Amino acid sequence: FVSIGFAYAFPKGVAIFFKEIQDFFGTSYSEMAWVSSIMLATTYGAGPISSILVNRYGSRPVVMFGGLLCGIGMVSAAFCTSVLQLYICVGFITGFGLALNLQPAVIIIGKYFLKRRPIANGLAMAGSPVMLCTLAPLNQVLFDNFGWRGSFLILGAILLNCCVAGALFRPVGVAKQSVKNQMIEEGKEAPKEEVTKMSVEMSNPTYVPAETKVEEEEEKDCCEKINQYLDFSLFKHRGFLIYLIGNVLMFLGFFAPIVFLAPYAKHIGIDEYSAAFLLSILAIVDMIARPTTGIIANSKWVRPRIQYFFSFSIAFNGACHLLCPLASGYTGLVVYSIFFGLAFGMVCAMLFETLMDLVGAARFTSAVGLVTIAECCTILLGPPIGGTLIDTFGDYRYMFIKCGAVMVLAGTFLFIMNYYNYRMLAKEEKERKAKEENPKIVRTENEGRSNWNKETLQDGPELEPLRDEREGLKTEVNGT
């Protein structure tokens, strides 16, 4: 809850300082938007690195190290003298620390839960709106009392709480693995090793020593190790590819509205605290929406077709952005924040649950890493494109229209392609059952096997070369 909360909410909460930092350094909207973009893109782009570290060292040390990096990044940012230095400290260092919080937290939910996983995902994802609800007004108070530099120092200290959260990540299955490793080590040191080796060599004339096998399999081991951490065969998975394309398109307009919501409110003449309160309203609704969505997604009516629900949530999110330009005053923006918070919570609650539904828990770690690195490109480009539209037209409305149109398109694409995927899965399942239930196919195959065995038994020693040739042909047929 704490790890996911900081990972998602912090890049949005920092947006409170952007207008003041922009005035301080004399930069444009698009240049300031790169700070959040780089942070979000690093958080997602470092997904495979985080997945590899979790597979190698476990979730606990990775999250604790990530918390330490977050603290160092924000404390360093307090002493920055240019926007470029902010890109490095806030964007890359803090973003990488948040990546080491997000991935292990998402992965460990899949390890702990199975039956009620959608509810667990919804509750854990609720950490993001709770943190955002707290950080938005807190950041404004910190800025008023300490300025943006003092605020960054305090935020760096607050982010060190990620280390505390990481300490609570109880490892799963460590005891069994250590016992297994101990047995292997004991087996290596056993005095019977040479006797066993000699007996195997005597009984099996085709025995190949282990030394030669190691040399032959070195190249295979490298490929297997890479594939163990990142399963590239997922790119042949139809459902995974549909999810990946839809999400990459969606993230082009997913984060920009949150980054620019408070600056937009200030632009139309709303005071700082009221503008920050819009993010709090969004977060409160989001807080309720995520666990509620998890409960609905776990129901027997929705869970079998959860991909449709996810597609609807994305399209609903886009429709909210398209209607935002109609909100001229503060009341209109409050209504927009309520609906945006609902739609945003629905999408976030199912973001990883739908992926696990497609690929299964065993391949989920690899899938998360591959998806996040693909998504980081559009996450990186989304807010700066929005900032460029604001700089070009001098109006925030075009940015909201762009984001809404992109998300409606992504939701429509996912809905149509998931319909196609469900149809194909049903067809494949029907064909498989037909093969299992058809006795003629099974009987013919069994008869063929028995006849083949009879023929090979009847053949004498003088037909050995013919039998070898026939065996070769048989394996070729089976292979094709």
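Each residue, glycine too, has its Cβ placed from N, Cα and C.
Where the annotation comes from TrEMBL, it is an automatic prediction and has not been curated.
The compositional bias 'Basic and acidic residues' annotation in TrEMBL covers 431-448, 464-474. Under the heading domain 'Major facilitator superfamily (MFS) profile', TrEMBL lists 1-422. What TrEMBL lists as region 'Disordered' is 431-480. Annotated transmembrane segment per TrEMBL: 32-54, 61-79, 85-107, 119-138, 150-169, 240-261, 273-289, 309-328, 334-352, 364-386, 398-420, in sequence order.
As a quick check, the transmembrane segment (309-328) and the transmembrane segment (240-261) clear the bar of 3 or more Cβ pairs under 8 A, pairs 6 or more apart, so the two touch.
Counting Cβ pairs under 8 Å that are 6 or more residues apart, the transmembrane segment (334-352) and the transmembrane segment (240-261) reach 3 or more and are in contact. The stretches the transmembrane segment (32-54) and the transmembrane segment (240-261) meet in space: the count of Cβ pairs below 8 angstroms, excluding pairs fewer than 6 apart in sequence, reaches at least three. Using a Cβ-Cβ cut-off under 8 Å and counting only residues 6 or more beyond its ends in the same chain, the transmembrane segment (85-107) has close neighbours at 3-4, 6-8, 10-11, 14, 21, 34-35, 37-47, 49-51, 53-54, 59, 62-63, 65-74, 76-77, 124, 159, 162, 165-166, 169, 352, 364-365, 368-369, 372. A Cβ distance under 8 Å defines the sequence-distant neighbours of the transmembrane segment (150-169), meaning residues of its chain 6+ beyond its ends; these are 2-3, 6, 10, 14, 17, 58-68, 70-75, 77-78, 94, 97, 101, 104-105, 108, 139, 142-143. Confidence in the domain 'Major facilitator superfamily (MFS) profile' (1-422), given as mean pLDDT, stands at 78. Taking every recorded stretch in 61-79, 119-138, 273-289, 398-420 and counting its Cβ pairs under 8 Å to the transmembrane segment (364-386), the highest total belongs to 398-420.
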